[in-house]
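Encoded as structure tokens, the structure appears first; notes follow it.
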Amino acid sequence: MGQLSGKAPEGKRRKPLGIELLECLKKSKISYKTYQAIVLILTFLAYASYHATRKTTSIVKSTLDPESSKVGLKFSPWTITYLSEPEDIRRLFGKPGGGWSPFDGSDGTALLGELDVAFLTIYAIGMYFSGHLGDRMNLRVFLTLGMIGTGVFTSLFGVGYWANVHSFYYFLGAQMLAGLFQSTGWPSVVAVVGNWFGKRKRGLIMGIWNAHTSVGNISGSLIAAAMLSYGWGWSFVVPGLLITFVGLAVFLLLPVSPESVGDDGEEDEPDSLKKTGEEIREPLLSSESDVKEKAVGFIEAWKIPGVAPFAVCLFFAKLVAYTFLYWLPFYICHTAIDGKYLSSGTAGTLSTLFDVGGVVGGILAGHISDRINARAITAATFMYCAIPALFFFRIYGHISLAMNIALMFIAGIFVNGPYALITTAVSADLGTHSSLKGNSRALATVTAIIDGTGSVGAAIGPLLTGFISSKSWTAVFTMLMVAALVAGLLLTRLVIDEVAEKFAKSRSQGAATSRPLDVAVDV
């Protein structure tokens, strides 16, 4: 990913039309703090709408492939004999036979898994190139095009319902093109936020802001589930129209950087390092420097301390998180809870509680890592805690609806917490690592490496689930727990370094406090 500066060329700067209109109505210049609020709100809504469109397929899966409902009955070896074969599973889907060709056959689950992996593979590849494109375009325009393109191809998937399309390759093509346009989102919003906000309380601020992921998942689930009763096509078209509308708002209102709107900035301006007392305030993601810097190469960026372990850790963390993103509603729909099966819409609505837990987990992980100043310890601890959370959700989630909700919420906290922390605060920390000696041109490359590597895991998890779940959901949860364990173990070296650093600091502080006493005794 190239550097995403978003700066307009000298002499050609023009504020977004919406900003000009606001200033005209206000009859005064918009303040720096107001610009920051606009940036936070618009980028939050933009990426939430990306995730809302991404969530729709997981809600519709049970409607497209009702034949695979019997998968939910395969519980060995953790079988608890509470299930009875439902009298007529198909009645859940509103018509005899149910489903939608080609997904209603014996290989329907595998085909749905292939759609997921196609989307996420193109998305992961696109992440590495979108930065270079964004570097050559105005980020506001680049983000707008990505959002409108996402809306168009998400809607085209749904159009297959009314056009009576039954070609797998039509749906595959729509998903792949949607994934390509989706890859424009993350580097763009991170770059814009980085142009406006500094490093202070990075973990907490980014943890709160990163709630857009879960908010998008929740809203996408609720919208798609609500639209199912009108036909599954609406579950794609409505989110597609929503992201297009937000994209137009981004085009009209988003200020890419202080320079793009002729604002020199205030105390939080990210174009320079500022010192307040003893605190050095670095930029979150610096914009292009006036001094020409040599861009850090792809291999050099991998060598930055911490990049490789966090990148590979995110591979396994996103494998777990995205498996839940794409398959949790399907799993709930085909698993009896208190002896009863839920409809596709109800299962989609219930699955949002996992994302609610994700919001809490992201904020909690960011706040804890700020307080103890230890990103690796925080991320590893959350990943280890995810293992028992997943185990208990699988074993006891069927007992009652209340138990299912509680365990799902807890799993969301520990699964999404480290994912949110690594993709935001950790990426920014490593992009401004001391070994770079202030070179800001490593930031975008580091972000690409970490999130791009994580996106590969995000593609593999749902794909494997599509095949493994046809045998047993127990095997799926075993895979997820192993992935969480590996993610935590990959941070072991960094955890040891952070613990050693804290012990060293504690000893030095203890020695410093004891010296005055020694002097007093000598006197």
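Just so it is clear, glycine is given a Cβ too, placed from its N, Cα and C backbone atoms.
The following features are taken from TrEMBL:
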{"type": "DOMAIN", "residues": "41-500", "note": "domain 'Major facilitator superfamily (MFS) profile'"}
{"type": "TRANSMEM", "residues": "35-52", "note": "transmembrane segment"}
{"type": "TRANSMEM", "residues": "110-129", "note": "transmembrane segment"}
{"type": "TRANSMEM", "residues": "141-163", "note": "transmembrane segment"}
{"type": "TRANSMEM", "residues": "169-197", "note": "transmembrane segment"}
{"type": "TRANSMEM", "residues": "209-230", "note": "transmembrane segment"}
{"type": "TRANSMEM", "residues": "236-254", "note": "transmembrane segment"}
{"type": "TRANSMEM", "residues": "307-329", "note": "transmembrane segment"}
{"type": "TRANSMEM", "residues": "341-364", "note": "transmembrane segment"}
{"type": "TRANSMEM", "residues": "376-395", "note": "transmembrane segment"}
{"type": "TRANSMEM", "residues": "401-422", "note": "transmembrane segment"}
{"type": "TRANSMEM", "residues": "443-468", "note": "transmembrane segment"}
{"type": "TRANSMEM", "residues": "474-496", "note": "transmembrane segment"}
Which listed range (110-129, 236-254, 401-422) shows the maximal number of Cβ pairs under 8 Å with respect to the transmembrane segment (307-329)?
401-422
Two-stretch contact, the transmembrane segment (376-395) and the transmembrane segment (474-496), at least three Cβ pairs under 8 Å:
yes
Between the stretches 110-129, 236-254, 401-422, which one has more Cβ pairs under 8 Å with the transmembrane segment (35-52) than any other?
236-254
For the domain 'Major facilitator superfamily (MFS) profile' (41-500), what's the model's average pLDDT?
79
Rank 169-197, 209-230, 236-254, 401-422 by Cβ pairs under 8 Å to the transmembrane segment (110-129) and hand me the top one.
169-197
